[in-house]
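Enquirer: According to Swiss-Prot, the protein carries these features:
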ACT_SITE  E205  active site, proton donor
ACT_SITE  K335  active site, proton acceptor
BINDING   Q163, K335, R364, S365, K386  (2R)-2-phosphoglycerate binding site
BINDING   D242, E283, D310  Mg(2+) binding site
Amino acid sequence: MAMIIALQARQILDSRGNPTVEVEALLDDGSFGRAAVPSGASTGEFEAVERRDGDKKVYQGKGVLDAVHAVDEELEQVVVGLDASDQRAVDQAMLELDGTDNKAKLGANAILGASMAIARAAASSADLPLYKYLGGPNAHVLPVPMMNILNGGSHADSNVDIQEFMIAPIGAPTFSEALRWGVEVYHSLKSVLKDRGLSTGLGDEGGFAPNLESNAAALDLILEAIDKAGYKPGRDIALALDVASSEFFDKGTYTFEGKKRSAEEMSAYFADLVEKYPLVSIEDPLDEDDWKGWATLTEHIGDKVQLVGDDLFVTNPERLARGIQEGVANALLVKVNQIGSLTETFDAVELAQRNGYRCMISHRSGETEDTTIADIAVAVNAGQIKTGAPARSERVAKYNQLLRIEEELGDAATYAGASAFPRFAAK
């Protein structure tokens, strides 16, 4: 049993050049852990509060020195002397000090940074890799990389409404092969875009962000890239979407592809897409508060495609419990900074898995070189990870960590592949 003896935080930069929080934890046996907190561009209304300084003269108000001070001056006091291996007790002490439902007092960025750094220090003390420390001996499933290779919405300056167009290499035998397949399609897509005189500039998450006439045009380009790379759409590599529909929802209607649409019209649109394209997953197809629309959509196509709640659930066990009760969605997107502590993240995953909901572990658009989410994906045997295109080092860092984990697991490693999407039958 190793005791926490110190916490120290600092302000660093994320992949978009915005400040974020990094925390270091030190234990009495000399063990050390460091973690950095991500930040989102399209954020759910019900996410835990990310604490920013608000001084417009410094980093345009996005500084995080208040959160840094919260770690150094407040959180450290309540965790020093605690057993680092008792993650629930550590996180509970910090949550009680904050005392709010959404971490508004101290900031989710302060609490999460401390939570992850302490877990890393405890793993080091136990002489275990983080995935095995968090997940135990049964942690062995390598996730399908949901690679965001084409960006629209708030991740790009284009007239494509859907925020992310992803590929999922479901037919690969191993994670390393899946990664290779995805990389080859990514480069193939770049070549297709160049041939058409389209932009190969990158969005926040490393995907290309060309100005296209429609969402269907984006899907067609990706199918062409899959073919050009020598793979079969649907059998080898499937498609997935993050619609982020709360970004274009207002007063009960969706402004999508230049038209005002109802939830019923949006549902019909997605049902049609599922028929036409080899889609395995659609994230946030409807607004975060459109519970009725979500229930109808789930009933309509939930047996054909994975419907993922991101802004809908915000990794919050209470919102997820409501979704389960009302038959809404069939999968949970897991973002550690939406809820703001490792314990609450694992509680949400456990609730989802117990009720037959799939889990997709996810990065944010503002990332760092921190690789904790790669270890979490294996720790909980999620079978799916969303961490951007195979470009930009803050994205690739997670893929490289998964390669290391696969190598370390050896013959015990299993690649989730098509089994990650039991509702999908390849056409």
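Here the Cβ of each residue, glycine as well, is placed from N, Cα and C on the backbone.
So that I understand the layout, could you describe where these features sit and how close they are to other parts?
Expert: For E205 (active site, proton donor), other Cβ atoms within 10 Å of its Cβ number 31.
The DSSP secondary structure for K335 (active site, proton acceptor) is coil.
When secondary structure is read from DSSP and collapsed to three states, D242 (Mg(2+) binding site) falls in the strand class.
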Enquirer: Could you check which of the recorded positions E205, D242, E283, D310, K335 is the closest Cα neighbour of S365 ((2R)-2-phosphoglycerate binding site)?
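Expert: If we rank E205, D242, E283, D310, K335 by Cα distance to S365 ((2R)-2-phosphoglycerate binding site), first place goes to E205.
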Enquirer: Are there any residues at least 6 positions away along the chain from K386 ((2R)-2-phosphoglycerate binding site) with a Cβ closer than 8 Å to its Cβ? List them or say none.
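Expert: Residues satisfying the criterion: M146, N148, M166, D242, L333, M360, I361, S362, H363.
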Enquirer: Do you see any of the binding-site residues Q163, E283, D310, R364 whose C-alpha is within 10 Å of K335 (active site, proton acceptor), and which ones?
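Expert: Cα filter at 10 Å returns D310, R364.
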Enquirer: Need this for a regression test: recorded positions E205, E283, D310, filtered to those with Cα within 10 Å of R364 ((2R)-2-phosphoglycerate binding site). What's left?
Expert: E205
Enquirer: What is the total of other Cβ atoms whose distance to the Cβ of E283 (Mg(2+) binding site) is within 10 Å?
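Expert: Looking across every protein chain shown, the total is 28.
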